[in-house]
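Asks: According to TrEMBL, the protein carries these features:
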COMPBIAS  15-26  compositional bias 'Low complexity'
COMPBIAS  27-41  compositional bias 'Gly residues'
COMPBIAS  49-61  compositional bias 'Low complexity'
DOMAIN    129-344  domain 'ABC transmembrane type-1'
REGION    1-63  region 'Disordered'
TRANSMEM  72-92  transmembrane segment
TRANSMEM  128-152  transmembrane segment
TRANSMEM  164-188  transmembrane segment
TRANSMEM  217-239  transmembrane segment
TRANSMEM  276-296  transmembrane segment
TRANSMEM  316-344  transmembrane segment
Amino acid sequence: MTATDRLPGPGQGSGSESTGAATSAGGDPGSGPGLGLGAGSRPGRRTATRAPAPMGTVRAARASRRRRRTMALLYVLPALLPYTLFAVLPALHTAYLSLFDWDGVTLPSFVGLDNYRRVGADPQLRAAAWHAGALIIFFSLLPICVGLVAAAIVSRRSGRRGTVLVRTVLFLPQVIPLVAVAIIWRWVYAEDGTLNQGLRAVGLGRLADSWLGSFTWALPAVGLIGSWVVSGLCMVLFLSGTQRIDQEIYEAARMDGAGPVREFRSITVPLLRPEIAVALSITVIAALSSFDLIYMTTGGGPGTSTVVPGILVYRLAFGGGAVGLASALAVVLTAVIAMVVLVINRLARERS
């Protein structure tokens, strides 16, 4: 074959070569080289769309994130402003006052950490801390136990007659104002109140006492009021938790011969650990920061038998003219509560 035979003639072999050239140049077959516009394409139509430039994409993403953050802040702002004004700023101001010796009237004098040293050496504070620790039994442990048992019973009897009444009665103390609760129980604990009259009616009149005026029984009497108030809240928390427990677990346990007590101990309590942690945090905070109930029932008396840190802060600030010392005690109390709650949450996460 001669060289002339190997050369394509006019109109021969040009289709495949031109197609490959156009394709390698970045266009579709029939497109112009690298422009995306071919002779065979329709006028004014692009056959390929380029992505936006990388810098423009980054700027658009940043602008979108800024808009989302701005919108989130606008939604949170109505709640954030009051919280900042009435919680954060007063807390910071209290921490500032704890560094001064101030009676609330004259000019304050800077004493640094001296108020905190006085707080650590104050015997009244140690007694108040013991009282607050005792109240944890009544405000936290007893309500959680009562709430767990009540929630287990109510959930097993769900849909039966009387269940709604039981839930309402147990939760009722939560909707009664605390002032009314204090007045009611002062009447119950009075010397001629309901409790003593009931004891006398059953022949146990020798046990009658002035409960809120007794150095021995005043703190347990106030603690039982707290148990009555908080038990309903714990029950509602645990009832909400039982709704997410798969009933097939209970059915499988019954098929294995487990009774109600075994189900409660092996299924209900372990699966309610998140709710127990929440209830424990709420009730421990209520016990350590208790003020209003004690102030309205005993005022911290008789003597100092029911004084808790909250009562001591009030007495120092408004009765003893020691605003700086009271502020230091409030800061210490807040730190202790925060540490206790953190420990509770940490233990709950590890166990779960």
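Every residue, even glycine, has its Cβ placed from backbone N, Cα and C.
Because TrEMBL annotations are produced automatically, they should be read as predictions rather than curated entries.
Help me see these features in their spatial surroundings.
Replies: Panel annotation: around the transmembrane segment (72-92), residues 334 of the same chain, lying at least six beyond its termini, place a Cβ under 8 Å from a Cβ of the stretch.
When Cβ-Cβ distances below 8 Å are used as the criterion, the transmembrane segment (164-188) is approached by residues 150, 153-154, 194-195, 212, 225, 228-229, 231-233, 235-236, 239, 292-293, 296-297 of the same chain, each at least six residues removed from its ends.
Here the transmembrane segment (217-239) has long-range neighbours at 131, 134-135, 137-140, 142-144, 146-148, 150-152, 154-155, 167, 170-174, 178, 181-182, 185, 189, 209, 211, 272, 275-276, 278-279, 282-283, 286-287, 290, 293-294, 297-298, 301-302, 305-306, meaning same-chain residues at least 6 beyond its ends whose C-beta is under 8 angstroms from one of its own.
Within the same chain, residues 132, 135-136, 138-140, 143-144, 147-148, 178-179, 181-183, 222, 225-226, 229-230, 233-234, 237-238, 269, 306, 308-311, 314, 333, 336-337, 340-341, 344-345, 347-348 sit at least 6 positions outside the transmembrane segment (276-296) and bring their C-beta atoms closer than 8 Å to a C-beta of that stretch.
Residues 91, 94-95, 97-105, 108, 111, 115-116, 118-119, 125, 277, 280-281, 284-285, 288-289, 309-310 of the same chain sit 6 or more residues outside the transmembrane segment (316-344) yet have a Cβ under 8 Å from a Cβ within it.
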